[in-house]
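These notes are about the structure you will find just below.
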Amino acid sequence: MRTALYPGSFDPITNGHVDIVSRAAKIFDQVVVAVAQNRDKRGRYHFSDEQRVRLATASLSHLQNVKVVALHGLVASYAEQIGAVAIVKGLRNGSDLDSEAPMAFINTQLGGVETVFLPAAPGMGHISSSLVKDVASYGGNIDSLVPSVVATALKS
């Protein structure tokens with residue numbers, strides 16, 4: 001079975017994330033979505049680990065070959081542990097590539113797993129979790145940016 005790992009903080013999961021997972025699910029037999037901790041974002045998460053896992057699980061429930069887990073450790077180690085053949089990362093722009101490329105190199109060095117980059121689909125490149133939270137905080141309409149379960153959670 002060809003398993004891919006898609007790590008991220010998903011605070012919250014967006015339609016851009018869902019698109020990347022949906023496309024990866026067509027390429028790999030199984031996609032494990034790992035809701036991870038980002039050291040740079042500690043203490044700044046809007047949703048708890050449990051909430052982020054729950055929202056991601058609900059948002060991806062239509063994909064039969066996708067499972068969501070909480071990850072508290074190195075991505076490369078977890079990829080090796082589950083036998084992942086690739087780490088999937090979405091790219092919205094060149095800045096994403098600039099930040100993801102060094103991590104891809106380290107993940108290959110540490111765990112021997114390659115990173116597969118999927119470009120954002122047309123119309124999705126502007127979506128980020130930070131943007132969604134910012135728009136939501138001012139009462140803006142985020143319905144086209146996130147799954148409905150996330151929109152509801154952000155509005156409450």
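Any Cβ shown, glycine's included, is placed from N, Cα and C.
Secondary structure of the domain 'Cytidyltransferase-like' (5-133) per DSSP (helix as H, G, I; strand as E, B; remaining residues coil): 58 helix, 31 strand, 40 coil. Per TrEMBL, the feature domain 'Cytidyltransferase-like' maps to 5-133.
Here TrEMBL flags Ser9, Lys41, Val75, Lys89 as substrate binding site. There are 23 other Cβ atoms within 10 Å of the Cβ belonging to Lys89 (substrate binding site).
Under the heading ATP binding site, TrEMBL lists Ser9, Phe10, His17, Gly90, Leu91, Arg92, Glu100, Met124, Gly125, His126, Ile127, Ser128, Ser129, Ser130. Using a 10 Å Cβ-Cβ cutoff, Ser129 (ATP binding site) registers 24 neighbours.
His17 (ATP binding site) is surrounded by 25 other CB atoms, counting those within 10 A of its CB over all protein chains shown. Positions annotated as site 'Transition state stabilizer' by TrEMBL: His17.
Distance from the CA of Ser9 (substrate binding site) to the CA of Ile127 (ATP binding site) is 15 Å.
When the Cα atoms are compared, His17 (ATP binding site) and Lys89 (substrate binding site) turn out to be 9 Å apart. For the pair formed by Leu91 (ATP binding site) and Ser9 (substrate binding site), distance between Cα atoms is given as 15 Å, rounded to the nearest Å. Shown in sequence order, Gly16, Arg92, Asn93 are the residues of the chain, 6+ apart in sequence, with a C-beta less than 8 angstroms from the C-beta of Gly125 (ATP binding site).
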